[in-house]
Amino acid sequence: MGHWIYWLDLAGVAVFALSGVILASRTRMDPFGMLVLAAVTGIGGGTLRDLLLGVRPVFWVTAPSYLWVIAATVTLSLIGLRHVHRLSQAVLPVLDAFGLALFTAIGTHKALVLGHGGSVAVLMGMLTGVAGGILRDVLARRVPLVLRQEIYATASMAGATAYVVLFRLALPVGAAMLACLGITLTLRLAAIRWHLALPVLP
Amino acid sequence: MGHWIYWLDLAGVAVFALSGVILASRTRMDPFGMLVLAAVTGIGGGTLRDLLLGVRPVFWVTAPSYLWVIAATVTLSLIGLRHVHRLSQAVLPVLDAFGLALFTAIGTHKALVLGHGGSVAVLMGMLTGVAGGILRDVLARRVPLVLRQEIYATASMAGATAYVVLFRLALPVGAAMLACLGITLTLRLAAIRWHLALPVLP
Amino acid sequence: MGHWIYWLDLAGVAVFALSGVILASRTRMDPFGMLVLAAVTGIGGGTLRDLLLGVRPVFWVTAPSYLWVIAATVTLSLIGLRHVHRLSQAVLPVLDAFGLALFTAIGTHKALVLGHGGSVAVLMGMLTGVAGGILRDVLARRVPLVLRQEIYATASMAGATAYVVLFRLALPVGAAMLACLGITLTLRLAAIRWHLALPVLP
């Protein structure tokens with residue numbers, strides 16, 4: 001992956017790890033339980049993607065910088081825990097939205113670069129974006145965000161589809177990624193702000 | 001895998017995906033959350049099997065028809081959602097039984113074809129049959145069917161064992177598969193109908 | 001892995017499988033649901049480790065003795081179920097502590113032997129130790145031990161770190177493993193006995 005994509009990926013890990021820390025602090029876990037939840041959230045999605053695509057070992061085994069980002073996120077959060085705790089209520093879904101957008105873009109990108117087709121790439125984008133948050137919520141015994149009524153997986157799918165289309169049109173990776181990030185993030189943040197939901201059955 | 005086994009596999013995916021859709025509609029998820037739950041249920045068991053056996057990438061990455069079956073199942077269900085919703089109460093465990101039988105047979109078959117021993121093949125059959133439904137129920141926060149008192153994993157194990165024995169006796173694959181399907185399905189449906197359970201401790 | 005490490009590994013599987021059986025008997029599962037929970041607990045952590053490190057197929061596929069240990073543990077438990085049930089309340093966390101210590105040592109060892117760095121080895125030790133119990137508790141719908149306030153992941157991390165340090169100092173494997181086992185087990189048992197916990201936020 002290109003250099004700036006690597007940094008985007010690390011940013012996604014930090015953001016998701018922070019969401020894990022916040023949830024852990026709400027459920028009054030100890031610092032190392034916090035570390036576990038941060039790690040699961042931060043690298044869970046990409047790990048599942050690599051496992052399914054047969055990339056081995058998974059990305060963070062050969063690039064431990066990912067683990068250090070998680071450790072740093074948890075450490076900094078513990079130092080500023082009062083602030084983390086104060087912010088948590090409003091900030092968790094927003095952080096989660098940034099992580100969702102970043103990981104959707106990177107997951108889609110990685111599947112396409114490995115030569116997989118469009119439908120697989122879209123699913124990988126969604127999985128990479130969604131899985132870490134699902135693991136976090138299942139471990140903390142909450143209803144996963146993805147299973148609530150607000151638009152969530154839809155945002156990820158729209159972003160991933162845009163990426164695939166622009167990639168097929170041979171646009172530069174940067175443009176495709178920007179479009180994917182913009183679409184996913186806008187849809188998800190709008191869904192949070194105005195409680196947008198797809199219609200459910202009558 | 002032979003041609004008709006491929007179709008059986010697709011049928012199993014559709015049946016399990018439908019069970020995911022039904023559960024999703026009961027918990028009032030949006031259509032894309034529904035898609036996620038359908039996908040997890042439909043290909044979760046086979047995915048776990050392939051990961052454990054070291055088949056990479058997992059089956060649906062190289063054969064996207066599986067993803068299209070899931071997408072089609074969800075789309076058709078959304079069109080006929082009123083009916084899906086009406087049927088759900090009685091139909092979910094029955095659909096699940098068909099999926100269990102189909103995936104037990106295919107999982108056992110695939111492990112044997114890859115040259116693994118009998119005990120591994122039986123476990124792979126059970127895992128393939130059981131894992132998708134477990135993931136579905138954990139995500140929807142219900143007690144997994146497999147962990148309730150009715151005969152469930154037992155049915156899968158009996159079917160898988162029959163498959164292994166007949167396979168070892170060099171019977172045609174079709175006969176072994178039919179026996180496995182028949183035994184698993186009969187045991188599980190009988191368990192649903194008459195609430196059969198193995199004895200638990202006094 | 002050396003011969004005696006193999007036996008330690010089997011002991012860890014038996015101990016964790018027994019913890020799965022105990023939990024299954026409390027939630028009144030049937031014998032085969034019990035088998036599923038015992039298997040998930042006994043080989044879940046090592047399976048995840050092998051998947052992440054790209055060892056394929058995972059360890060128990062090529063060494064079915066692990067499956068037989070699980071089957072034997074469940075069978076013996078069923079025969080002595082009255083005793084198992086009587087002991088359960090006090091014994092479950094202690095059994096879990098032994099499994100945690102054994103699997104932490106073996107997971108760390110295996111990652112180092114495969115040539116991975118210290119931070120990856122520590123994480124693999126923790127994952128191997130912790131994942132089986134997490135899966136067990138999620139399936140049985142309890143708050144995972146690792147997410148409660150008592151010292152748990154901390155004990156595993158301390159033991160794994162000790163292993164890595166002693167291994168780097170070129171001490172014999174036996175000494176490093178003994179130190180890891182001793183530290184993890186002591187910390188965890190002390191945490192159970194005196195309800196030790198790291199401080200949480202005020």
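Just so you know, glycine gets a Cβ as well, placed from its N, Cα and C.
Please treat TrEMBL annotations as automatic predictions, because they have not gone through curation.
Annotation source TrEMBL lists domain 'Glycine transporter' at B:6-78, B:94-166. The transmembrane segment annotation in TrEMBL covers B:6-25, B:32-52, B:58-79, B:91-112, B:118-139.
The stretches the transmembrane segment (B:118-139) and the transmembrane segment (B:6-25) are in mutual contact, each linked to the other by at least three Cβ pairs under 8 Å (pairs 6 or more apart in sequence). Beyond its flanks by at least six residues, the transmembrane segment (B:6-25) meets 33-34, 37-43, 45-46, 65-66, 69-70, 72-74, 77, 81, 84-85, 87-88, 91-92, 95-96, 98-99, 102-103, 105-106, 132-133, 136-137, 140, 142, 177 of its own chain at Cβ-Cβ distances under 8 Å. Residues of the domain 'Glycine transporter' (B:6-78) grouped by DSSP class, helix first, strand second and coil last, total 62 helix, 0 strand, 11 coil.
DSSP labels the residues of the domain 'Glycine transporter' (B:94-166) in these numbers: 59 helix, 1 strand, 13 coil.
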